[in-house]
Ligand SMILES: *Cc1c(COP(=O)(O)O)cnc(C)c1O
(Lines of atoms letter the chains of each structure in order from A and count residues from 1; the text may use other names and numbers.)
(Lines give C-alpha, C1' and ligand atoms only; values in the text may rest on other atoms or scores of the structure.)
Protein backbone atom coordinates (compact mmCIF):
# COMPACT_ATOMS: atom_id res chain seq x y z
CA UNK A 1 0.00 0.00 0.00
CA UNK A 2 2.77 2.45 0.85
CA UNK A 3 4.29 2.31 -2.64
CA UNK A 4 0.84 2.78 -4.19
CA UNK A 5 0.22 5.85 -2.04
CA UNK A 6 3.63 7.23 -2.98
CA UNK A 7 2.86 6.66 -6.65
CA UNK A 8 -0.60 8.28 -6.48
CA UNK A 9 0.83 11.20 -4.51
CA UNK A 10 3.38 11.80 -7.27
CA UNK A 11 0.82 11.44 -10.03
CA UNK A 12 -2.26 13.21 -8.69
CA UNK A 13 -1.65 15.41 -5.71
CA UNK A 14 -0.57 18.97 -6.46
CA UNK A 15 1.10 20.24 -3.30
CA UNK A 16 0.88 23.91 -2.33
CA UNK A 17 3.99 26.12 -2.48
CA UNK A 18 5.88 23.15 -3.86
CA UNK A 19 8.16 22.78 -6.88
CA UNK A 20 6.40 19.66 -8.16
CA UNK A 21 9.23 18.79 -10.57
CA UNK A 22 11.41 18.06 -7.56
CA UNK A 23 8.70 16.40 -5.49
CA UNK A 24 9.42 12.83 -6.56
CA UNK A 25 13.01 12.90 -5.29
CA UNK A 26 11.96 14.53 -2.07
CA UNK A 27 10.43 11.37 -0.71
CA UNK A 28 8.49 13.46 1.80
CA UNK A 29 6.89 11.58 4.67
CA UNK A 30 3.26 10.59 4.22
CA UNK A 31 1.85 11.24 7.66
CA UNK A 32 -0.79 8.79 8.74
CA UNK A 33 -1.30 9.63 12.39
CA UNK A 34 -0.27 11.93 15.18
CA UNK A 35 -0.13 11.76 18.93
CA UNK A 36 0.81 14.62 21.19
CA UNK A 37 3.57 16.51 19.40
CA UNK A 38 4.67 13.53 17.30
CA UNK A 39 3.72 12.58 13.77
CA UNK A 40 3.94 9.05 12.33
CA UNK A 41 4.32 8.22 8.65
CA UNK A 42 2.96 5.23 6.75
CA UNK A 43 6.26 3.41 7.24
CA UNK A 44 5.92 3.82 11.01
CA UNK A 45 8.66 6.43 11.41
CA UNK A 46 8.17 9.01 14.14
CA UNK A 47 8.83 12.75 13.74
CA UNK A 48 8.58 15.68 16.11
CA UNK A 49 6.18 18.30 14.68
CA UNK A 50 8.54 21.30 14.74
CA UNK A 51 6.29 23.68 12.82
CA UNK A 52 2.99 22.89 14.57
CA UNK A 53 1.68 21.49 11.26
CA UNK A 54 2.20 24.83 9.54
CA UNK A 55 1.79 27.19 12.48
CA UNK A 56 -1.68 26.10 13.57
CA UNK A 57 -1.46 23.26 16.07
CA UNK A 58 -1.82 24.36 19.70
CA UNK A 59 -2.19 21.41 22.12
CA UNK A 60 -0.74 18.60 20.04
CA UNK A 61 -2.48 15.92 17.98
CA UNK A 62 -5.32 13.60 19.08
CA UNK A 63 -6.05 15.68 22.15
CA UNK A 64 -8.92 13.98 24.04
CA UNK A 65 -10.80 17.22 24.85
CA UNK A 66 -10.66 18.43 21.25
CA UNK A 67 -11.52 15.03 19.80
CA UNK A 68 -14.54 14.86 22.13
CA UNK A 69 -15.72 18.35 21.13
CA UNK A 70 -15.91 17.20 17.53
CA UNK A 71 -17.50 13.83 18.17
CA UNK A 72 -20.10 15.36 20.53
CA UNK A 73 -20.97 18.01 17.97
CA UNK A 74 -21.10 15.37 15.26
CA UNK A 75 -23.97 13.68 17.09
CA UNK A 76 -25.97 16.91 16.71
CA UNK A 77 -25.04 18.36 13.33
CA UNK A 78 -21.85 18.79 11.28
CA UNK A 79 -22.82 21.83 9.28
CA UNK A 80 -25.67 24.16 8.54
CA UNK A 81 -25.61 27.68 7.17
CA UNK A 82 -25.32 31.14 8.73
CA UNK A 83 -27.05 32.58 5.65
CA UNK A 84 -30.65 32.87 6.81
CA UNK A 85 -30.01 30.74 9.91
CA UNK A 86 -27.76 30.38 12.90
CA UNK A 87 -26.20 27.69 15.06
CA UNK A 88 -25.32 27.59 18.79
CA UNK A 89 -21.59 26.87 18.42
CA UNK A 90 -21.02 29.77 16.00
CA UNK A 91 -22.97 32.11 18.31
CA UNK A 92 -21.00 31.02 21.37
CA UNK A 93 -17.69 31.28 19.55
CA UNK A 94 -18.50 34.80 18.32
CA UNK A 95 -19.33 35.75 21.91
CA UNK A 96 -16.12 34.19 23.24
CA UNK A 97 -13.90 35.83 20.62
CA UNK A 98 -15.32 39.30 21.29
CA UNK A 99 -14.62 38.77 25.01
CA UNK A 100 -11.01 37.77 24.39
CA UNK A 101 -10.05 40.17 21.64
CA UNK A 102 -8.21 43.40 22.38
CA UNK A 103 -10.24 46.60 22.31
CA UNK A 104 -13.84 47.06 21.31
CA UNK A 105 -14.21 44.40 18.66
CA UNK A 106 -17.87 43.49 19.08
CA UNK A 107 -18.76 41.83 15.78
CA UNK A 108 -17.46 38.63 14.21
CA UNK A 109 -17.59 37.60 10.56
CA UNK A 110 -16.61 33.96 9.99
CA UNK A 111 -14.83 32.40 7.03
CA UNK A 112 -12.45 29.48 6.60
CA UNK A 113 -8.86 30.59 5.94
CA UNK A 114 -6.45 33.37 6.79
CA UNK A 115 -6.69 34.71 3.26
CA UNK A 116 -10.49 34.88 3.39
CA UNK A 117 -10.37 36.61 6.78
CA UNK A 118 -8.08 39.25 5.21
CA UNK A 119 -10.22 39.49 2.07
CA UNK A 120 -13.31 40.19 4.21
CA UNK A 121 -11.36 42.80 6.18
CA UNK A 122 -10.29 44.65 3.02
CA UNK A 123 -13.83 44.73 1.60
CA UNK A 124 -15.27 45.78 4.96
CA UNK A 125 -12.86 48.72 5.10
CA UNK A 126 -13.64 49.90 1.57
CA UNK A 127 -17.41 49.59 1.94
CA UNK A 128 -17.28 51.26 5.35
CA UNK A 129 -15.80 54.42 3.85
CA UNK A 130 -18.38 54.52 1.06
CA UNK A 131 -21.23 54.21 3.52
CA UNK A 132 -19.77 56.56 6.07
CA UNK A 133 -19.21 59.37 3.59
CA UNK A 134 -22.20 58.70 1.34
CA UNK A 135 -19.93 59.05 -1.70
CA UNK A 136 -20.25 56.55 -4.56
CA UNK A 137 -16.50 55.97 -4.75
CA UNK A 138 -14.71 56.01 -1.43
CA UNK A 139 -11.17 55.42 -0.26
CA UNK A 140 -9.45 52.45 -1.84
CA UNK A 141 -5.74 52.81 -1.10
CA UNK A 142 -4.26 50.35 1.42
CA UNK A 143 -1.05 50.96 3.32
CA UNK A 144 1.00 47.83 3.90
CA UNK A 145 4.38 46.76 5.14
CA UNK A 146 7.24 45.87 2.82
CA UNK A 147 7.51 42.06 2.47
CA UNK A 148 4.06 41.60 4.01
CA UNK A 149 2.23 38.31 3.59
CA UNK A 150 -1.53 38.13 4.05
CA UNK A 151 -2.57 35.08 2.01
CA UNK A 152 -2.96 34.03 -1.61
CA UNK A 153 -6.26 35.38 -2.94
CA UNK A 154 -6.03 38.42 -5.24
CA UNK A 155 -6.98 40.92 -2.55
CA UNK A 156 -4.67 39.48 0.07
CA UNK A 157 -1.86 39.19 -2.51
CA UNK A 158 -2.36 42.85 -3.41
CA UNK A 159 -1.62 43.92 0.16
CA UNK A 160 1.37 41.58 0.39
CA UNK A 161 4.60 41.39 -1.44
CA UNK A 162 6.73 38.35 -1.70
CA UNK A 163 8.36 38.92 -5.07
CA UNK A 164 8.67 35.30 -6.16
CA UNK A 165 5.05 34.45 -5.34
CA UNK A 166 3.46 37.45 -6.99
CA UNK A 167 5.33 38.07 -10.24
CA UNK A 168 2.89 36.50 -12.74
CA UNK A 169 -0.01 38.47 -11.27
CA UNK A 170 1.78 41.79 -10.86
CA UNK A 171 -0.40 43.81 -13.24
CA UNK A 172 -3.64 42.40 -11.84
CA UNK A 173 -3.11 43.62 -8.31
CA UNK A 174 -4.53 46.85 -6.91
CA UNK A 175 -2.30 49.74 -5.90
CA UNK A 176 -0.98 50.01 -2.39
CA UNK A 177 1.31 52.28 -0.46
CA UNK A 178 4.30 50.46 1.01
CA UNK A 179 6.08 51.44 4.19
CA UNK A 180 9.48 49.96 5.13
CA UNK A 181 9.91 47.22 7.75
CA UNK A 182 11.46 48.36 11.03
CA UNK A 183 14.06 45.56 11.03
CA UNK A 184 17.80 45.92 10.86
CA UNK A 185 19.53 42.78 9.59
CA UNK A 186 20.18 44.31 6.17
CA UNK A 187 20.47 48.09 6.17
CA UNK A 188 20.28 50.34 3.10
CA UNK A 189 23.59 51.94 2.02
CA UNK A 190 24.74 54.75 4.23
CA UNK A 191 22.32 54.16 7.10
CA UNK A 192 23.10 52.79 10.52
CA UNK A 193 20.72 50.94 12.77
CA UNK A 194 19.21 53.91 14.51
CA UNK A 195 18.89 56.16 11.48
CA UNK A 196 17.13 53.37 9.57
CA UNK A 197 14.67 52.72 12.40
CA UNK A 198 14.02 56.43 12.64
CA UNK A 199 13.37 56.51 8.90
CA UNK A 200 10.87 53.63 9.25
CA UNK A 201 9.00 55.44 11.99
CA UNK A 202 8.83 58.76 10.15
CA UNK A 203 7.81 57.03 6.90
CA UNK A 204 4.54 56.01 8.58
CA UNK A 205 3.63 59.60 9.32
CA UNK A 206 4.83 61.05 6.01
CA UNK A 207 3.14 58.41 3.81
CA UNK A 208 -0.13 58.80 5.63
CA UNK A 209 -0.05 62.59 5.89
CA UNK A 210 0.40 62.86 2.14
CA UNK A 211 -2.28 60.34 1.16
CA UNK A 212 -4.76 60.10 4.01
CA UNK A 213 -7.72 61.25 1.95
CA UNK A 214 -7.39 58.18 -0.28
CA UNK A 215 -6.43 55.60 2.36
CA UNK A 216 -8.95 52.85 3.16
CA UNK A 217 -6.91 51.15 5.91
CA UNK A 218 -3.44 50.25 7.17
CA UNK A 219 -2.84 46.49 7.28
CA UNK A 220 -0.08 44.96 9.40
CA UNK A 221 1.10 41.67 10.87
CA UNK A 222 1.57 42.89 14.47
CA UNK A 223 5.09 42.48 15.97
CA UNK A 224 6.27 39.70 13.63
CA UNK A 225 6.11 39.30 9.86
CA UNK A 226 5.99 35.51 9.71
CA UNK A 227 6.19 34.46 6.07
CA UNK A 228 8.78 37.16 5.32
CA UNK A 229 11.21 35.12 7.45
CA UNK A 230 10.17 35.82 11.07
CA UNK A 231 10.98 39.53 10.86
CA UNK A 232 10.58 40.93 14.36
CA UNK A 233 9.64 44.61 14.36
CA UNK A 234 11.36 47.23 16.48
CA UNK A 235 9.47 47.60 19.79
CA UNK A 236 7.05 50.51 19.75
CA UNK A 237 6.47 50.39 16.01
CA UNK A 238 2.97 48.91 16.22
CA UNK A 239 1.96 51.49 18.80
CA UNK A 240 3.35 54.21 16.59
CA UNK A 241 1.32 52.92 13.62
CA UNK A 242 -1.79 52.94 15.80
CA UNK A 243 -1.16 56.51 16.94
CA UNK A 244 -0.65 57.83 13.44
CA UNK A 245 -3.61 55.93 11.96
CA UNK A 246 -5.83 57.12 14.82
CA UNK A 247 -4.74 60.71 14.23
CA UNK A 248 -5.87 60.51 10.59
CA UNK A 249 -8.92 58.33 11.38
CA UNK A 250 -7.60 55.45 9.29
CA UNK A 251 -8.80 51.96 10.26
CA UNK A 252 -6.03 49.62 11.40
CA UNK A 253 -6.32 46.01 10.25
CA UNK A 254 -4.31 43.66 12.48
CA UNK A 255 -3.64 40.40 10.67
CA UNK A 256 -3.02 38.09 13.62
CA UNK A 257 -3.51 34.95 11.54
CA UNK A 258 0.06 33.85 12.36
CA UNK A 259 0.80 35.66 15.63
CA UNK A 260 -2.59 35.21 17.31
CA UNK A 261 -3.48 32.62 19.96
CA UNK A 262 -0.35 32.84 22.04
CA UNK A 263 2.54 32.59 19.60
CA UNK A 264 4.23 35.81 20.68
CA UNK A 265 3.67 35.07 24.38
CA UNK A 266 0.37 36.93 24.84
CA UNK A 267 -2.97 35.73 23.51
CA UNK A 268 -2.84 38.42 20.82
CA UNK A 269 0.27 40.30 19.72
CA UNK A 270 -1.54 43.67 19.82
CA UNK A 271 -1.82 43.37 23.60
CA UNK A 272 1.94 43.80 24.02
CA UNK A 273 1.78 47.39 22.82
CA UNK A 274 -1.72 48.08 24.16
CA UNK A 275 -2.98 48.48 20.62
CA UNK A 276 -6.67 48.25 19.75
CA UNK A 277 -7.15 47.54 16.06
CA UNK A 278 -10.35 48.38 14.16
CA UNK A 279 -10.35 45.06 12.37
CA UNK A 280 -8.71 41.83 13.55
CA UNK A 281 -8.08 38.78 11.32
CA UNK A 282 -7.75 35.38 12.97
CA UNK A 283 -7.22 31.84 11.64
CA UNK A 284 -4.40 29.25 12.03
CA UNK A 285 -4.45 28.58 15.81
CA UNK A 286 -8.15 29.32 16.22
CA UNK A 287 -9.24 25.65 16.12
CA UNK A 288 -6.11 24.28 17.79
CA UNK A 289 -5.01 23.18 14.33
CA UNK A 290 -7.94 20.81 13.84
CA UNK A 291 -10.29 22.28 11.24
CA UNK A 292 -10.36 25.24 8.85
CA UNK A 293 -11.98 28.28 10.42
CA UNK A 294 -11.22 31.99 10.36
CA UNK A 295 -12.73 35.14 11.79
CA UNK A 296 -12.71 38.83 10.98
CA UNK A 297 -13.64 40.95 13.99
CA UNK A 298 -14.59 44.58 13.87
CA UNK A 299 -15.88 47.52 15.93
CA UNK A 300 -19.40 48.89 16.17
CA UNK A 301 -18.17 52.03 14.39
CA UNK A 302 -17.48 49.97 11.26
CA UNK A 303 -20.31 47.48 11.70
CA UNK A 304 -22.93 50.20 12.19
CA UNK A 305 -22.12 51.73 8.83
CA UNK A 306 -23.56 48.54 7.27
CA UNK A 307 -26.92 49.03 9.01
CA UNK A 308 -29.88 50.83 7.51
CA UNK A 309 -32.98 50.01 5.56
CA UNK A 310 -32.21 46.88 3.50
CA UNK A 311 -33.24 48.83 0.38
CA UNK A 312 -30.34 51.23 0.93
CA UNK A 313 -27.98 48.45 -0.17
CA UNK A 314 -25.63 48.70 2.78
CA UNK A 315 -25.52 44.93 3.25
CA UNK A 316 -22.13 43.24 3.27
CA UNK A 317 -22.60 41.04 0.22
CA UNK A 318 -19.84 38.63 1.05
CA UNK A 319 -19.68 35.14 2.50
CA UNK A 320 -18.56 31.55 2.17
CA UNK A 321 -20.59 28.35 2.06
CA UNK A 322 -18.95 26.82 5.13
CA UNK A 323 -19.03 30.01 7.21
CA UNK A 324 -19.41 29.29 10.94
CA UNK A 325 -19.15 25.54 10.42
CA UNK A 326 -20.51 23.78 13.52
CA UNK A 327 -17.71 21.22 13.91
CA UNK A 328 -15.01 23.84 13.46
CA UNK A 329 -16.73 26.22 15.90
CA UNK A 330 -17.12 23.42 18.47
CA UNK A 331 -13.45 22.48 18.35
CA UNK A 332 -12.46 26.14 18.43
CA UNK A 333 -14.46 26.66 21.64
CA UNK A 334 -12.81 23.59 23.17
CA UNK A 335 -9.40 24.88 22.08
CA UNK A 336 -9.94 28.27 23.75
CA UNK A 337 -11.18 26.58 26.91
CA UNK A 338 -8.14 24.29 27.04
CA UNK A 339 -5.73 27.21 26.58
CA UNK A 340 -7.24 28.69 29.76
CA UNK A 341 -7.64 25.45 31.70
CA UNK A 342 -4.06 24.31 31.07
CA UNK A 343 -2.55 27.82 31.53
CA UNK A 344 -0.90 27.26 28.17
CA UNK A 345 0.42 30.83 28.00
CA UNK A 346 2.57 30.13 31.07
CA UNK A 347 4.06 27.17 29.24
CA UNK A 348 4.62 29.39 26.22
CA UNK A 349 6.69 31.83 28.30
CA UNK A 350 8.74 28.94 29.64
CA UNK A 351 9.43 27.27 26.31
CA UNK A 352 10.15 30.61 24.60
CA UNK A 353 12.97 31.15 27.08
CA UNK A 354 14.17 27.59 26.59
CA UNK A 355 14.15 28.00 22.81
CA UNK A 356 16.15 31.19 23.14
CA UNK A 357 18.73 29.59 25.45
CA UNK A 358 19.16 26.45 23.37
CA UNK A 359 19.72 28.34 20.13
CA UNK A 360 22.47 30.52 21.66
CA UNK A 361 25.26 28.15 20.54
CA UNK A 362 24.42 29.07 16.94
CA UNK A 363 25.36 32.69 17.56
CA UNK A 364 29.00 31.80 16.90
CA UNK A 365 28.32 29.74 13.80
CA UNK A 366 30.07 31.27 10.74
CA UNK A 367 26.95 30.79 8.58
CA UNK A 368 24.31 31.98 11.01
CA UNK A 369 23.59 35.59 10.11
CA UNK A 370 20.92 36.26 12.67
CA UNK A 371 18.59 34.45 15.06
CA UNK A 372 15.24 36.19 15.35
CA UNK A 373 12.66 35.22 17.90
CA UNK A 374 9.45 36.44 19.45
CA UNK A 375 7.65 34.02 21.73
CA UNK A 376 7.76 30.59 20.11
CA UNK A 377 8.29 32.01 16.60
CA UNK A 378 11.95 31.60 15.68
CA UNK A 379 13.89 32.16 12.46
CA UNK A 380 17.55 31.29 11.94
CA UNK A 381 18.89 33.10 8.88
CA UNK A 382 21.73 31.24 7.18
CA UNK A 383 24.19 33.24 5.10
CA UNK A 384 27.26 32.61 2.96
CA UNK A 385 29.23 35.24 4.79
CA UNK A 386 28.39 36.38 8.25
CA UNK A 387 30.17 39.73 8.25
CA UNK A 388 28.89 41.02 4.93
CA UNK A 389 25.57 39.18 5.39
CA UNK A 390 25.88 37.85 1.85
CA UNK A 391 23.18 35.24 1.20
CA UNK A 392 23.88 31.80 -0.23
CA UNK A 393 23.28 31.25 -3.92
CA UNK A 394 19.58 30.31 -3.92
CA UNK A 395 20.25 27.39 -6.28
CA UNK A 396 22.03 25.62 -3.46
CA UNK A 397 18.72 25.44 -1.54
CA UNK A 398 20.62 25.50 1.75
CA UNK A 399 17.46 25.92 3.83
CA UNK A 400 15.97 22.90 2.13
CA UNK A 401 19.13 20.83 2.72
CA UNK A 402 18.95 21.65 6.42
CA UNK A 403 15.36 20.51 6.79
CA UNK A 404 16.18 17.24 4.99
CA UNK A 405 19.00 16.66 7.46
CA UNK A 406 16.59 17.38 10.33
CA UNK A 407 14.03 14.98 8.89
CA UNK A 408 16.62 12.18 8.86
CA UNK A 409 16.95 12.83 12.58
CA UNK A 410 13.19 12.66 13.15
CA UNK A 411 12.17 16.31 13.22
CA UNK A 412 9.90 18.06 10.73
CA UNK A 413 10.66 21.72 10.10
CA UNK A 414 10.20 23.90 7.03
CA UNK A 415 12.39 26.73 5.78
CA UNK A 416 11.46 30.08 4.27
CA UNK A 417 14.30 30.34 1.75
CA UNK A 418 17.44 30.15 3.86
CA UNK A 419 15.65 31.05 7.06
CA UNK A 420 15.13 27.94 9.18
CA UNK A 421 11.81 28.38 10.92
CA UNK A 422 10.99 26.78 14.25
CA UNK A 423 7.35 27.11 15.27
CA UNK A 424 6.55 24.63 18.03
CA UNK A 425 2.98 24.36 19.28
CA UNK A 426 2.58 26.72 22.24
CA UNK A 427 1.72 23.80 24.54
CA UNK A 428 4.82 21.77 23.63
CA UNK A 429 6.75 20.50 26.69
CA UNK A 430 10.33 21.60 27.36
CA UNK A 431 11.99 18.28 26.56
CA UNK A 432 10.50 18.36 23.06
CA UNK A 433 11.83 21.91 22.67
CA UNK A 434 15.26 20.52 23.56
CA UNK A 435 14.95 17.85 20.89
CA UNK A 436 13.78 20.40 18.34
CA UNK A 437 16.79 22.64 19.03
CA UNK A 438 19.37 19.84 19.22
CA UNK A 439 18.27 18.37 15.92
CA UNK A 440 18.09 21.76 14.19
CA UNK A 441 21.60 22.63 15.37
CA UNK A 442 22.96 19.25 14.26
CA UNK A 443 21.24 19.62 10.88
CA UNK A 444 22.75 23.07 10.34
CA UNK A 445 26.18 21.82 11.36
CA UNK A 446 25.98 18.79 9.08
CA UNK A 447 24.80 20.84 6.08
CA UNK A 448 27.34 23.63 6.55
CA UNK A 449 30.37 21.75 7.83
C1 LIG B 1 -0.81 32.03 6.91
C2 LIG B 1 -1.16 33.47 6.88
C3 LIG B 1 -2.25 33.96 6.13
C4 LIG B 1 -3.04 33.06 5.22
O5 LIG B 1 -3.76 32.09 5.89
P6 LIG B 1 -4.36 30.85 5.07
O7 LIG B 1 -5.19 30.13 6.06
O8 LIG B 1 -3.18 30.06 4.59
O9 LIG B 1 -5.14 31.43 3.93
C10 LIG B 1 -2.58 35.28 6.24
N11 LIG B 1 -1.87 36.12 7.00
C12 LIG B 1 -0.82 35.72 7.72
C13 LIG B 1 -0.09 36.69 8.57
C14 LIG B 1 -0.40 34.38 7.67
O15 LIG B 1 0.67 33.97 8.34
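Every residue gets a Cβ built from N, Cα and C, even glycine.
Record check, TrEMBL: pyridoxal 5'-phosphate site residues include 114, 115, 320, 321, and the candidate from 49, 255, 385 also listed there is 255. In this structure, 114, 115, 255 are the binding-site residues from 114, 115, 255, 319 whose C-beta falls under 6 Å of some atom of ligand 1.
Residue 319 (substrate binding site) sits 14 Å from residue 114 (pyridoxal 5'-phosphate binding site), counting Cα to Cα. Following the DSSP three-state reduction, the secondary structure of residue 321 (pyridoxal 5'-phosphate binding site) is coil.
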